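Below: one structure, written as structure tokens.
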Amino acid sequence: MNPQAKLIFAISLLLGTTIVISSNHWVTIWAGLEINTLAILPLIAKSHHPRAIEAATKYFLTQATASALLLFSATTNAWYTGQWDITQLTHPAACLILTSALAMKLGLAPFHFWFPEVLQGSSLTTALILSTAMKFPPMTLLLITSPSLNPTLLTSMAILSAALGGWMGLNQTQIRKILAFSSISHLGWMVIIVSYNPKLTLLNFYLYALMTTTVFLTLNVIKTSKLSTLMTTWTKTPALSAMLMLTLLSLAGLPPFTGFLPK
């Protein structure tokens, strides 16, 4: 891909995220999310492989549906209350639709089916952006609107995500799919906490992003995408392999590591 094009897409991603996290009007938030979606699509499809095109199409359809639901929720709320402000979400139907839209954006169960497929069709660098940076705007929205959202629905989806993320990752051989299910599981834990302690959710998200970035960048350096090839990397790069193992243990949340901190 042309470096200038890459730069434009990177700036658009930053712009979209900045618009979302700094706005308090629903229409500008929707516009920011759309800029983000349109900026990441060429990065997913850049390899021109049928799998990558399929991943980009799945991502586009899911995100477009979620954005439409978000706008519908905001319009419903504005219709009944006359407010477009993000903190004035009071209508029950609007809250319910917004919860579903944010779950679809994040990849929470039962709206999680697109995420492993999209990650599997992307390159490791794009998969890293999808797992961390692209989760930040909807996570910010979730934190801001959490007092208005339905706690029962949120908790149900979160428990389902934590369970499914753990179970469905067990029989995978592709590392990107395993990391996708890990992301779904971690998001489940974050969403469980959000009703009670939003700051802890943010800490959890930052630590998750840091550890996932480390894993993806290490895999990118050792050029590994399957478990079978990961077994043989110990002989080539022992230091990186050891660091990867420790980071994965941290991602699993074992006591001496940083990943245990949110628990």
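A Cβ is built for glycine as well, from the same backbone N, Cα and C atoms used for every other residue.
Going by TrEMBL, these are the annotated features:
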TRANSMEM  7-23  transmembrane segment
DOMAIN    23-263  domain 'NADH:quinone oxidoreductase/Mrp antiporter transmembrane'
TRANSMEM  59-79  transmembrane segment
TRANSMEM  91-115  transmembrane segment
TRANSMEM  152-171  transmembrane segment
TRANSMEM  178-196  transmembrane segment
TRANSMEM  202-222  transmembrane segment
TRANSMEM  242-261  transmembrane segment
Winner by Cβ pairs under 8 Å against the transmembrane segment (152-171), considering only 7-23, 59-79, 91-115, 242-261: 91-115
Close approaches to the transmembrane segment (178-196) from elsewhere in its chain (Cβ under 8 angstroms; 6 or more beyond its ends): 106-109, 112, 115-116, 119-120, 127, 131, 135, 139, 142-143, 146, 149, 151, 154-155, 157-166, 168-169, 172, 204-205, 208, 212, 215-216, 227, 251, 262
Residue numbers, six or more beyond the limits of the transmembrane segment (59-79), whose CB comes under 8 Å of its CB atoms: 26-27, 29-30, 33-34, 37, 40-41, 44, 88-91, 93-95, 97-98, 100-102, 104-105, 111, 114, 118, 130
For the transmembrane segment (202-222), distant same-chain residues with Cβ under 8 A (at least six beyond the ends): 124-125, 127-128, 131-132, 135-136, 139, 143, 175, 179, 182-183, 186, 189-190, 193, 233, 236-237, 240-241, 243-244, 247-248, 250-251, 258-259, 261-262
